[in-house]
Amino acid sequence: MEKEELKIVNKGLEDEMEISGYRLCRWKLALVGIGVLCTGGFLLLLLYWLPEWCVKGTCTRTSVRDAQVVLLQSTDEFKRWFLAKVRVILAPGRNPFDNLDSQTTLTVANGHGPSGGLIRKAQDLQVIRYFTLHSTKYFWNDTIQNFEVFIGLEDQKVTCSAVHSEHSAGLTKTQQDYRKLFFGVNEIAVKVPSVFKLLIKEVLNPFYIFQLFSVILWSADEYYYYAVAIVFMSLISIATSLYTIKKQYIMLHDMVAAHSIVRVSVCRANNEIEETMSTDLVPGDVMIIPTNGIIMPCDAVLISGTCIVNESMLTGESVPVTKTNLPDPGHSVKREAGDSTYSTEEHKRHTLFCGTSVIQTRFYSGEQVKAVVVRTGFSTAKGQLVRSILYPKPTDFKLYRDAYLFLLCLVGVAGIGFVYSIVLSIINHVPAKTIIIESLDIITITVPPALPAAMTAGIVYAQRRLKRIGIFCISPQRINICGQINLVCFDKTGTLTEDGLDLWGIHRAEKGSFYLSEEKVCKEPLVKSQFVACMATCHSLTKIEGELSGDPLDLKMFEATGWILEEATEEETSLHDHIMPTVVRPPKQLLPKSEEELYDLSSSYEIGIVRQFPFSSALQRMTVVARLLGEKRMDAYLKGAPEVVTSLCRKETVPDDFSEVLENYTKQGFRVIALAHRRLESKLTWHKVQNINRDVIETNMEFLGLIVMQNKLKAETPGVLEDLRRANIRTVMVTGDNMLTAISVARDCGMILPEERVIIADAFPPRDGQAATINWRYADNPFLSPFCKLVTDLLEPRVQQQYHFAMNGKSFAVITEHFQDLLQKLVLHGTVFARMAPEQKTELVEALQSVDYFVGMCGDGANDCGALKRAHSGISLSELEASVASPFTSKTPNISCVPSLIREGRAALVTSFCVFKFMALYSIIQYISVTLLYSILSNLGDFQFLFIDIAIILVIVFTMSLNPAWKELVAQRPPSGLISGPLLFSVLTQILICLAFQTFSFLWVKRQSWYDTWTPILDETKGNSFSEVYNETEDDDHNIRNYENTTLFFISSFQYLIVAIVFSKGKPFRQPTYSNCKCSFASYCMYVIVCVPFHWRMMMLFIMLANAAVSALVEVSVDLRGSRCLSWLCCRRNKTPKARYMHLAQELRVDPDWPPKPTTTTEAKTPPSPKNSSSHSLSSS
């Protein structure tokens, strides 16, 4: 057939895949069946391991539309293959949101329909094709000629007003059943596989299949003891693995199942309320949130009432969040303004997410708190999280890629030995059975079966050590990656600085000018001021069990006023139509002293909060609408970032020296929040305010002044950053705070040294037909005197090596879009990124990774979830034991965990290299021994193999991984891959040394005066000679008892111990081997156990000592001079660095125009277009 155009599902998403269609082919199936019989089932295993071969070997290509089987390949760097069977259902429509006749009922073929057993004529039903992959259903869409996923209500791209007007009435039972056909049961089903299924899956692992092949081969060669030992170890390994996997499934199932199935009340289209199970919910259902709270079984958007929610399950932040009802622009004063399309991300302050706990609800005049279901099952926030745990993305690390290449090399070596043994056996007329067995035996020797277990040991030990110091890991494979981290991004508030803020003072403004700054707010003259009213009302605090709860900043601000917060009870809310949900009032002692005024004020001066527009990270502000008791008109109070607040205020109310005052505070490291107020029009009633858009309120405000908060550095921060700096690990601050505040904190904590310059990049988007521009300016350095500044300016070349870039989120967005080639240069020296939105933090991590940095991210888990997931190593300082967003979670609430994690990562990485090199040498040493013995038609005996593998190899492997991490971070980093010059040189030199000493011993023993050639037939040796002791008359079909065997066995046994000690590196990444008591004791025991015949014991001992000395000397030389020697030999002294950031740094050192000079402008040459060119030019401003 003609090749169909390539189709892609999940386009632009993380799980984007190419899809192709196939139909089953009978003759191919027959051929595969014959092949399976001929290969004894091995072909079936191969098709199981390689799904693309399975599909292509049993099916023929067809269009995706007509496919019976689909083959999918991920478009990421891993290029993974998946196959899925296409199934069919019958339904009365193709879209879950189609309108159906109310009189019509439904049925579905194949038993896939709802349990209601609805009926419709078969000819009216439509065939719908779908397949399921990773707990997600993909349905065929004739319009786009491709498969698509139905996520939920967002598929309709409904506007906020449409949510209220079209989806607030609820669904009929028929509509619910119809939608359930497409969205399925609202359940995050984590099925715990049976032990039998897990066993089959585990046993079919290529590693165990290879072991099974080895055991069969050894049994055929009568190596029964060794085969039994390997079977015993494999059974223990399988049992341990099954227990661990089963336990993880049960834990995940219990975590998901807890409270996931509950009884809920839903509103039907006929205004009835029906009790149903949460599993029956579908997008479009309207559920009633109970007053006593609930753990949400789905994602739903609030359309009436308010909820207090604990979202710690999603964000790791245990501070309760206030969720308000979705604004209804259809009832606003300006109907056309702000009727945006609803999305869970943009309107998360109005969305209740699955798995989060609703603590309290509030409602008015008998109205119930209602929410429209938008997503169910695995499409919810919790479902996507569980799916990422069930189907994790592979860890991409050079070590693991190189490990496969290294194993392929070993297979190649095994192939050479395989051919060698066959040729040698044929020349010596060895029976065919023996040729087959001994040739295949070479393969089992060269590829070590215990390699995966040995590699895992170091990671397991590192994980245990991390747990002891309070760092929990949910992705153990990332521990090795931590050893490569060379840049760490830090959030500021709660990470570098204390979580809580202290009120330093206030700076009020009135009629366009500032008053003097004041320390206290809680004083009599200010009680009735709009400034204090704004502080007392503009927050999202609530009372939970009588205690004030909410954002720590809001708490500090409200406590500074000394006011009292009271919330209406359920009885009060049901009595009145317009009762205020929250009331704040000053305490009596703050009111004026006269009794008459005291009486009037205490009964009348109360402010009720009518409506909240919660704080948004993207908007960087929060607004409330409040009303003073007895007043007809309402007031709007706003707080937020000073730059944002002043942009919403009338210009005449903002003081002329605002910028200077703000800069003065931020340079000192204070966090500054601006306040504003506006008296609303009398036509704005309570009902209108409930549905108004915030943009209508947040305009023409009156500037009230500044709140100055002090954010102290954590005691551990400067010391940790100094340790990282000495270790050549870059540190970057990424925060939502003001840029000058962030720069000040960066200087205080040592991220920017006193003598170093800070260059601020102010980027502006294209406007009025002009291209995007970047204005460069140098931040003032408070640590330098004017004379020092002059000297620094004169020493321009020296300054070039000591500069940092700083920018805010808006500038970062412009640079990302319009100056792509500058972005990499900026992140190379970018140290302070301020006013960054959560998604911009993720983009920054990706930009740093694009220049080959290994990026660590340390945050408090609240706004850093995306960046924590995206970084090579995300470390959350959340109080929870395991943050769902981060691979690592520290119970210690400061950044001292970062160097500890990097140290353990380096130790684990070096341990992995040591173990891999040792296992490779173990295989090669045994391979050399066996190959030499094959030349005289001999081999190692069963007990000799058993002794080497059990008593030497396993003991050494599991004890050499116990070396703890070195106590301090050093500037040197361990290599990232096995395929590197020094590592390969180390392995090759040790192989040559072992080969030389074994070959020398093998040839030398034949030159001894007492040596006699031994054959299986010769058994007449008598007397007191050496041969009488070791060559007694016994059956020896394998020709094991000979001098060559004995010599090579003893020499090789010591070689295993020698390379174990030589490869077990200590400083600077691990503690020295002698500090590892278990490994030292094991090595000593091996030397005591392995004895040699008395007559030539001393000579053999000298050979072993010489071997040890040469091996140690060569390894030390490789460590010290290996890289330089290889560069010299390969004539690559001026080699270009592999890492892009190092290559960029070299280029910028010789660039006379970099860094940009102060008061210059960089301009994009091209006007704004869909594909912006990143070319630019510099000009003086």
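Glycine residues also receive a Cβ, built from the backbone N, Cα and C atoms like all the rest.
Residues annotated as compositional bias 'Low complexity' in TrEMBL: 1159-1181.
Secondary structure by DSSP for the domain 'Cation-transporting P-type ATPase N-terminal' (150-223): 46 helix, 3 strand, 25 coil. According to TrEMBL, the feature domain 'Cation-transporting P-type ATPase N-terminal' maps to 150-223.
The feature region 'Disordered' is assigned by TrEMBL to 1150-1181.
Summarising the annotation, TrEMBL assigns transmembrane segment to 29-50 (among others). Residues 57-58, 81, 204, 206, 209 of the same chain lie 6 or more positions beyond the ends of the transmembrane segment (29-50) yet place their CB under 8 Å from a CB of it.
If you look at the transmembrane segment (223-245), the same-chain residues 6 or more away from its ends with a CB under 8 A from one of its CBs are 195, 198-199, 202-203, 208, 211, 214-215, 449-450, 453, 942-943, 945-946, 949-950, 954. Residues or ranges marked as transmembrane segment by TrEMBL: 223-245 (among others).
Same-chain residues lying 6+ beyond the ends of the transmembrane segment (403-427) with a Cβ under 8 Å from its Cβ atoms: 434-435, 438-440, 442-443, 445-447, 451, 455, 916, 920, 923-924, 927, 930-931, 934-935, 978-979. Taken from TrEMBL, the feature transmembrane segment applies to 403-427 (among others).
Look at TrEMBL and you will find 442-462 (among others) tagged as transmembrane segment. Outside the transmembrane segment (442-462), and at least 6 residues removed from its termini, the chain residues within Cβ reach (under 8 Å) are 207, 210-211, 213-214, 217-218, 230, 233, 237, 403, 407, 410-411, 413-414, 417-418, 421, 476-477, 479-480, 904-905, 907-908, 911-912, 915-916, 918-920, 922-924, 926-927, 930-931, 949, 953-954, 957-958, 961-962, 965.
According to TrEMBL, the feature transmembrane segment maps to 909-937 (among others).
Sequence annotations record features per position, and here TrEMBL assigns transmembrane segment to 943-962 (among others).
Annotated transmembrane segment per TrEMBL: 983-1005 (among others), in sequence order.
What TrEMBL records for 1046-1063 (among others) is transmembrane segment. Residues 914, 917-918, 921-922, 925-926, 928-929, 932-933, 940, 944, 947-948, 952-953, 956, 960, 986, 990, 994, 997-998, 1001-1002, 1005, 1030, 1073, 1083, 1086-1087, 1090, 1092-1093, 1100, 1103-1104, 1107-1108, 1111-1112, 1115 of the same chain lie 6 or more positions beyond the ends of the transmembrane segment (1046-1063) yet place their CB under 8 Å from a CB of it.
Here TrEMBL flags 1084-1106 (among others) as transmembrane segment.
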Long-range Cβ neighbours of the transmembrane segment (909-937) (under 8 Å; 6 or more residues past either end): 399, 403, 406, 410, 413-414, 417, 420-421, 424-425, 428, 430, 438, 441-442, 445-448, 450-451, 454-455, 457-459, 461-462, 480, 482-484, 948, 953, 956-957, 960-961, 963, 974-975, 978, 983, 986-987, 990-991, 994-995, 998-999, 1002, 1039, 1042, 1044-1045, 1048-1049, 1052, 1055-1056, 1059-1060, 1063-1065, 1069-1070
